[in-house]
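So that you can see what the record holds, here are the features copied from TrEMBL:
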| type | residues | note |
| --- | --- | --- |
| ACT_SITE | CYS26 | active site, phosphocysteine intermediate |
| BINDING | CYS26, SER27, ASP28, GLY29, TRP30, ASP31, ARG32 | substrate binding site |
| DOMAIN | 1-113 | domain 'Myotubularin phosphatase' |
| SIGNAL | 1-19 | signal peptide |
Amino acid sequence: MHLLLVSAVNLAATIELESRSVLVHCSDGWDRTPQLVSLAEILLDPYYRTVKGFQVLVEREWLEFGHKFDDRCGRNDKSSERSPVFLQWLDCVYQLLTQFPTEFQFNSMFLVS
C-alpha cells in the first residue's frame, strides 16, 4: 500500500506542481493503472472526495475501463487471476481518509457499505 500511495503522490505532484502531462500504463493496464490514476485523481480534485464524485470515479476508472472484477475476486475457476487489486485501492483510500478526514465528504463506513 505504501508504494501505491507514494506513486500516486508522485503522479499528482508531477501534474499539479510541475504542470506536466503524464501517461500511466502499468504492464497490462488492468490493475495498477486504475489504482494509481484514481488515487491521483482523489488527491488532485476535491470533487472525487465527495460521495457523488467517488461514485463517478469508480464507475469511470474501474467499471467503464473494464477492470476484471470477476477474475480478480475469484468468481471463475482461474485461481491465477485472483488479486485483491480493488481492495488494495480501497485500503489506500481508507489510509487517506483517516489521515485527512476533513477533506472527504464521506467516512470509512461508506467504503464498506
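Glycine is treated like the rest: Cβ placed from N, Cα and C.
TrEMBL labels come from automatic prediction, so no person has curated them.
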(request) For the domain 'Myotubularin phosphatase' (1-113), jot down how many residues DSSP puts in helix, in strand and in coil. (result) 76 helix, 0 strand, 37 coil
(request) Work out how many Å separate ARG32 (substrate binding site) and CYS26 (active site, phosphocysteine intermediate) at their Cα atoms, rounded off. (result) 6
(request) List the same-chain residues at least 6 positions away in sequence whose Cβ sits under 8 Å from the Cβ of CYS26 (active site, phosphocysteine intermediate), in sequence order, or say none. (result) ARG32, THR33, LEU36
(request) Go through SER27, ASP31, ARG32, the listed binding-site residues, and name the one with the sparsest Cβ surroundings, counting other Cβ atoms within 10 Å. (result) SER27
(message) On the 0 to 100 pLDDT scale, where does the domain 'Myotubularin phosphatase' (1-113) sit on average?
(response) 87
